[in-house]
Amino acid sequence: MPKFNRIHLVVMDSVGIGAAPDANNFVNAGVPDGASDTLGHISKTVGLNVPNMAKIGLGNIERPAPLKTVPQEENPSGYYTKLEEVSLGKDTMTGHWEIMGLNITEPFDTFWNGFPEEILTQIEEFSGRKVIREANKPYSGTAVIDDFGPRQMETGELIIYTSADPVLQIAAHEEVIPLEELYRICEFARSITLERPALLGRIIARPYVGEPGNFTRTANRHDYAVSPFNPTVLDKLNEAGIATYSVGKINDIFNGAGINHDMGHNKSNNHGVDTLVKALKDDNFKEGFSFTNLVDFDALYGHRRDPHGYRDCLEEFDARIPEIIKNMREDDLLMITADHGNDPTYAGTDHTREYIPLLVFGKSLSGQGHIPVGHFADISATIAENFGVDKAMIGESFLDKLV
């Protein structure tokens, strides 16, 4: 019988808590990540008021220097630590896959200067459409259609762009490039990006509608992902008949592998929390695991190097934690963590190689305090032990520390 009937894992996308030991092996605009510190720099430069995470123990996490504006609790309400990544990457898929027990020794490719001409030419030859070269770089999905949508409406050219993650995205006006054609082009792009030098995690169809100055992306987005190369703890749970709920982009990150209840994409962090609360209240969800990703920290503020917006986003999420806890059952466990860093005060616009925080709370827990510093996959090893399934490739359970 499991110690906790339900475990809920919330990933605050990109909320790192200080440079990892190997951070200098990773760079941003030519600057090594060794001085990056997402939470530390936000707390120091613009102030951070997150009383609910502080109460669990966020300010108590072992660091070279305490978080400037997050107090340390004498009697925290939960357990806390920080975790180190072992995989060779600092992107979303690598972080999430490692959290679920995989060691990624061959990272996906990212294209900070846009995709090579060879890929664009192959897509042009397959589709019979030209590619707008000026869009071929990391771009905001809404900005890229504002900037190049009018041209696409006139010429029928493809808008191909990327991001900090290993993705190739194709935006197409639905009245100019029909959905079925867009999907066919994306399937081809998927077929030519399955190995180096262009090993990509996802190809994303990004259809939109509207007129210049008033474009909106539609719900007809489609992701062409790759499944994890080995079974994750999600797969182990699913094979054992245990419920696995995904909220936000989790289903995309794992290409649906091991997930038996997908709750859909988030419109915002708040919408994601609403969806999680809906799962918490679900009478049919008696036992199992929920996995939520909240991406606004990363997508809206980290990459845009906006520390004020990032702080506000953290405070907004923190204010929802009492609602999450209120809807937890006595035998539920909540874990709040991240998947990498994205220091909004740092050089460049890429993710940063950092430790991630881990906060653990359960109504049935009488103990509290520090869990030894471990690795990302310790999360899934703990989940696996709780539900009586095998862990994946790596990870050490801390279930016995939770009393």
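Using the three backbone atoms N, Cα and C, a Cβ is placed for every residue, glycine included.
Small disclaimer: the values here were computed from a predicted structure and weren't measured.
Mn(2+) 2 binding, as stated in Swiss-Prot, involves D298, H303; the candidate among H261, H265, H351 given for that site is H351. The number of other Cβ atoms within 10 Å of the Cβ belonging to D339 (Mn(2+) 1 binding site), over all protein chains shown, comes to 29. Listed in sequence order, D13, S14, T92, N342, H351 are the same-chain residues six or more apart from D298 (Mn(2+) 2 binding site) with CB atoms under 8 A from its CB. A C-beta separation below 8 Å, combined with a sequence spacing of at least six in one chain, links H303 (Mn(2+) 2 binding site) to P138, S163, A164, N342, T349, D350. According to its DSSP assignment, D298 (Mn(2+) 2 binding site) is helical. The secondary structure of D13 (Mn(2+) 1 binding site), as reduced to three states from DSSP, is coil rather than helix or strand.
Under the DSSP three-state reduction, H303 (Mn(2+) 2 binding site) is assigned to coil, being neither helix nor strand.
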